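Right, one structure below, let's go through it.
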Amino acid sequence: MTVGVLALQGAFIEHETMLQGLGVATLQVRLPEQLVQVERLIIPGGESTTIGKLLVRFDLLEPIQQRAAEGMPIWGTCAGMILLAKEIAEGRVEGQPALGLMDITARRNAFGRQVDSFETNLQVPVLGEAPFHAVFIRAPQIDKVGEAVETLASLDDGRIVAARQGKLLATAFHPELTGDARFHELFLGL
């Protein structure tokens, strides 16, 4: 199995390092011809408007949507989660492309600016009893989930920060910045 990591902007190298530590082959995806070579795709954190525009510029938006329709597992972290969302709480920036694959409403920068970034331990039942140490950097949150979406983790105040819909996975935080590979293992099992 080869896992693609969208490598247009953002924390793609950290995802590759985590996957390679699990013995999984990776490929940086920048072009449609690279997308056809992978069985799964991670869309990393970064800046969602920039990544969305680059998806269009490099002719990847529709091919990713098509691969998702064919059942390819896709995981979006932070900005990647925003790109997966069907809806954005405060609306999309004018002209902002998005994949719109997952029946969630995401809210950008839900916790504030860069200075408000934080780390916390989350209870994630699908990962077992041990808490998952999550890193939130200018993180979004999920305001609303559709009927087919399973909430995987919430903060103590109830804000949803991880969800799954079929073979789509979304995390508001950055599992690739921790030494804990459990979310990567979960994704590999989708």
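Each Cβ is built from the backbone N, Cα and C atoms, and glycine gets one as well.
The candidate list Arg107, Arg108, Arg164 contains one residue that Swiss-Prot assigns to the L-glutamine site with Gly46, Glu47, Ser48, Ile137, Arg138, namely Arg108. Counting every protein chain shown, the number of other Cβ atoms lying within 10 Å of the Cβ of Glu47 (L-glutamine binding site) is 15. Ile137 (L-glutamine binding site) and His174 (active site, charge relay system) have their C-alpha atoms 8 Å apart, to the nearest angstrom. Looking only at the active-site residues Cys78, His174, Glu176, the one with its C-alpha closest to Arg138 (L-glutamine binding site) is Cys78.
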